[in-house]
Amino acid sequence: MESLVTLYQEHIKTLQQRAQQVLARHSLDAMLIHSGELLTVFLDDHTYPFKVNPQFKAWVPVTQVPNCWLWIDGVNKPKLWFYSPVDYWHDVEPLPQSFWTGEIDIVPLKNADDIARLLPTQRQNVAYIGPVPARATQLGFNTEAINPPGVIDFLHYHRAYKTGYELYCLRQAQVIAVTGHRAAKEAFKSRLSEFDINVAYLSATGHRDTDVPYGNIIALNEHAAVLHYTKLDQQPPEKRRSFLIDAGAEYQGYAADLTRSYAASEGSDYAQLIKDMNKEELELIATMKTGVRYTEYHQQMHYRIASLLLKHQLVNGLTAEAMVKENLTGPFMPHGIGHSLGLQVHDVAGFMQDDRGTHLAAPQQYPYLRCTRVLEPGMVLTIEPGIYFIDSLLAPWRAGKFSQYFDWAKIDELKAYGGIRIEDNVVIHKNSVENMTRDLHLA
């Protein structure tokens with residue numbers, strides 16, 4: 001395997017080529033990419049946890065340091081002004097010395113405001129890429145040069161194609177997340193509360209709750225019916241029935257996003273539903289290949305969901321085709337089959353069909369699908385089918401013309417389990433699909 005240094009060198013070479021293309025297209029001399037700034041809580045002297053600009057960490061794995069700047073012209077070595085003040089109140093990151101620093105010209109920035117005099121004076125044909133437009137204005141950028149849509153679209157579109165370095169980071173994020181998932185499963189078996197299961201996960205991954213790429217979903221019993229449940233009860237339920245964990249990790253700025261569902265009793269109907277869903281999810285992934293639009297796999301999964309509902313007699317008397325046509329599967333799986341994954345959990349440009357920003361929306365029947373791209377080598381996506389028992393979504397069907405086909409007694413019994421979601425992270429290769437999650441034997 002190539003060394004991390006070599007992988008990063010090739011990564012920077014690719015980013016420099018992309019920079020040359022986008023700068024030439026928009027008649028620009030350079031991009032100034034801002035890591036971001038700390039945001040102060042209203043009427044307080046505390047700040048919110050820092051979240052770095054994703055376009056910044058695409059170039060350098062600096063994720064915890066505000067007030068940093070990158071000057072990119074596509075030709076010369078990228079220049080990084082690294083914020084390293086004299087400060088006895090807070091921890092200060094030293095100037096980095098790592099696998100990546102040989103490819104970057106690093107200059108210390110002692111005072112955040114010094115950047116105004118350190119930047120090249122000629123900024124007329126430079127684009128500011130960052131989260132603080134007011135700072136860009138102070139530095140003399142006009143409105144058209146602040147996050148210009150054409151530049152952003154180009155950068156976003158090409159982020160779908162991961163470099164070898166990015167794939168390495170994504171695989172490492174998987175390793176960390178899988179470690180956490182195994183610890184969380186053991187905590188569930190030990191009858192711990194949602195709060196304590198989350199503590200076990202964070203401890204195993206070495207993350208703080210502000211470091212994980214998204215808020216961990218640790219849902220026991222009926223809480224699994226809340227798609228983004230993040231409350232974390234501090235007391236365990238009187239009776240354990242189910243556990244849904246949707247939790248990720250981050251490595252050098254790249255995310256993992258994994259979900260598993262577990263039954264407290266292996267002999268329950270719910271446990272069998274998990275096994276059958278797991279089988280359908282793996283079979284769907286086995287069909288994935290380049291040249292097929294991601295939307296197709298979402299639609300295929302709805303046919304598989306229909307078959308599961310029929311097999312478990314939650315719906316009766318209809319064909320799978322009729323169920324999908326009439327959207328009877330919709331209330332059971334109300335979200336998309338997945339999304340792009342990378343520097344962000346819901347990575348950008350899922351609807352973008354070219355690097356000029358052409359948009360293809362999700363089908364009207366499936367408005368929450370987050371990706372309509374045609375699969376190509378280098379893309380990384382999640383596959384995360386689910387079946388849930390959500391009162392607000394099932395209520396119209398209970399009163400509707402298809403009500404007779406639902407076994408409401410069985411559905412009501414399963415409501416106490418909340419739902420099921422199983423999520424793997426996959427890489428599209430030219431002639432194969434790599435399941436990063438299953439390669440680490442997370443059942």
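Backbone N, Cα and C atoms are what each Cβ position is placed from, and that goes for glycine too.
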Identity of the Mn(2+) 1-site residue among Glu194, Glu296, Glu376, Glu384 (reference: Asp257, His339, Glu423, source: Swiss-Prot): Glu384
Could you measure between Asp246 (Mn(2+) 2 binding site) and Glu384 (Mn(2+) 1 binding site) for me? Cα positions, answer in whole angstrom. 10
Of these binding-site residues, Asp246, Glu423, which scores lowest on Cβ atoms within 10 Å? Glu423
Using the recorded Mn(2+) 1 site (Asp257, His339, Glu384, Glu423) as reference, state which further residues of the same chain have their Cβ within 8 Å of the centre of those residues' Cβ atoms, listed in sequence order. Asp246, Leu258, Thr259, Gly338, Leu341, Val345, Thr382, Ile383, Asp424, Asn425
Take the Cβ of Asp257 (Mn(2+) 2 binding site) and count every other Cβ within 10 Å, whichever protein chain it belongs to. 26
With the Mn(2+) 2 site defined by Asp246, Asp257, Glu423, which remaining residues of that chain have Cβ atoms positioned within 8 Å of the Cβ centroid? Ile217, Ala247, Gly248, Leu258, Thr259, Thr382, Glu384, Arg421
Glu384 (Mn(2+) 1 binding site) and Glu423 (Mn(2+) 2 binding site), compared by Cα position, are separated in whole Å by 4
